[in-house]
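Engineer: What TrEMBL records for this protein is below:
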| type | residues | note |
| --- | --- | --- |
| TRANSMEM | 7-29 | transmembrane segment |
| TRANSMEM | 41-62 | transmembrane segment |
| TRANSMEM | 155-173 | transmembrane segment |
| TRANSMEM | 193-221 | transmembrane segment |
| TRANSMEM | 275-291 | transmembrane segment |
| TRANSMEM | 297-317 | transmembrane segment |
| TRANSMEM | 329-351 | transmembrane segment |
| TRANSMEM | 390-410 | transmembrane segment |
| TRANSMEM | 422-442 | transmembrane segment |
Amino acid sequence: MGWNAKYALLLLASTIITYVCGVLIQWLNERQPDKINAKKWVVAGSFILNLAILFFFKYFNFTIESINAVLSHTSLPAVNTSLDVLLPVGISFYTFQALGYTVDVYRGEIEAERNFFRYALFVSFFPQLVAGPIERSKNLLTQLRNPKPFSYERMCDGVMLMIWGYFLKLVIADRISIFVDNAYANVGVYDGKYLLIASMLFAIQIYCDFAGYSTIAIGAAEVMGFQLMDNFNSPYLSQSVAEFWRRWHISLSSWFKDYLYIPLGGNRKGKVRKYINIMIVFLVSGLWHGANWSYVIWGGLNGIYQVIGAVFTPFRNKIREKLHLKKNFFPLMIIYIVVTFVLVDFTWIFFRADTVQHAFAVIQSIFNMNNPALLANGALYDMGLSRPNFIVLGVSLLILLTADICKYRGIKIRSMILNSNIVVRWIVVITGILGILVFGIWGSGYSATNFIYFQF
C-alpha cells in the first residue's frame, strides 16, 4: 500500500476510461438503441481496461507466486518475474465505483455525465476515495448535479457522525489492535486462550476500524451537503450469516449483488446455480480484499456459510414452528446472534493472519489451549493493555453495544440530540471530543494506526 503522486495517474486513467465509455453508451442509447451488442462491447471494454490496471498493481505478483507454488511440485522451472510496485491507496474502491457507473448508464438507470470535471469529482470524491463507501452514480452523481445549499442542521449531524467515527477508530479499534497485534505476531509464544481472545477482539477491531472510517467519510460529506450511503447497520446483531452480509460493508455487498450475482443469474436459474453464484461472489469478494489465499479462504468460508444457511433455513423454521416459538423469542434470538458471531469470527482468523499457514497455526493454538484462567494472576495485562485500558475498552464497548441496539431497533439517537436544545447538543459534542482526546491516546505503548481497509 502506498501514497504516491504518480498513482493519481491511475485514478485519472480510470476516470477517463469510464467517462468515455459512459458517453459512448449514452450516444448508442440515443442514436442506435437497437445495437445492444455494441453497448455490451463498450461495457466489456471498460471492465477489461480497469480490471487490467487493478490486476497489474494488485494481483500480478500474487499470480506469479501462485504459479511458482504449483511449479515447485513439478520439474518445470519457476517464473522469475515480479514487479516492485506498491499497491495504490483506494484503487479497489474507486475502480468498482467507476465500473458501477458504466453499468448504470448501460442499464439506463442514469444518464451519462457529459461534464468531465463533475464526473471526475464523482470518482475521486475525497471523503470516501480511499476506503469507501463505494458510492452509486444514482446517489452521489445525482447530488453533484443538484448540490444542496448549506444547512446548519446538516453540518451538526455530520460533525456528530465524525465524532462517533473517531471514537470507534481511536478509542476502540486502535486500543484493541495493541492486544491483537501482539498475540498474532507471537503465535508460538502465547497460549491459545490469548489467541482466542485476540480473535474475538479482532472481530470488534475491524468493525470499529472500518465502520469508523466510513462514518467519518459519511459525516464529512454530510457537512458539505452530500449524503453517502450507510455502510454498516449493526452487523453483529445479525441472526444469520446472510443477514450479517446485508448489514456489513453494505456498499460492497450490494455492489456484488447488483453487478455480479444478478448478472450471473442470481436465484432465477435453480437452486444449484444459485449456490454456485453465491460461491463465485464470495470467492471474488475474498480476492477483492487482498492478493492472498487467506482472503480467498475467508471469502470461501462465508460463501459456504451462505449456502448451508440457504439449505437449512427452511428446516430451522419448521422446527421453530413445531416448538411454537416466535421469530422474536428473545432467548432464541440471542442463540442465533451468538452462533452467527462465532461463525463469522472464525473466518476473521484467516482475514487477520498473514498467510494460510499463519491462520492454521492460530486455530491449532486455540484448540490446544491450556488452563483458560486469565485474570487470577493478571497475565492478561501482559499483552500490552493495562487494567485501566481494559476498563476504558469495556465501557467503550458498552457504549457501542447500546448504539448498535438503538440503530437495530430504529431509534435515531442523532435526531434526538439534534432536536434537543442547544445546551444539550454542545454538551454532547464537547464531551465526545474530549473523550476522544483523552481516551483515544491514553495508555502506554499506544499509537494511532492506519485504517485496516486502506490496504485494499
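Counting begins at 1 with the first residue displayed.
Backbone N, Cα and C define each Cβ position, glycine as well.
It should be emphasised that the depicted structure is a prediction, and the values quoted were computed from it without experimental measurement.
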Engineer: When only pairs 6 or more apart in sequence are counted, do the transmembrane segment (193-221) and the transmembrane segment (329-351) reach 3 or more Cβ pairs under 8 Å?
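Structural biologist: They do touch: at least three Cβ pairs between the two stretches lie under 8 Å.
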Engineer: Is the transmembrane segment (155-173) close to the transmembrane segment (422-442), in the sense of at least 3 CB pairs under 8 angstroms with a sequence gap of 6 or more?
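Structural biologist: Judged by the Cβ rule, the two regions touch, with the required three close pairs present.
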Engineer: With a Cβ cut-off under 8 Å, give me the same-chain residues at least six positions beyond the ends of the transmembrane segment (329-351) that come close to it.
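Structural biologist: Residues 199-200, 202-203, 206, 236-241, 243-244, 289, 294-295, 297-298, 301-302, 305, 320, 359, 362-363 contact the transmembrane segment (329-351) from elsewhere in the chain.
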Engineer: Give the one range among 275-291, 297-317, 390-410 whose Cβ atoms make the most pairs under 8 Å with those of the transmembrane segment (155-173).
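Structural biologist: Answer, by Cβ pair count: 390-410.
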Engineer: Short question: which residues 6 or more past the ends of the transmembrane segment (275-291) have a Cβ under 8 Å from it?
Structural biologist: 58-59, 61-62, 92, 96, 252-253, 256-257, 260-261, 264-267, 297-300, 302-304, 306-307, 310, 351, 455-456
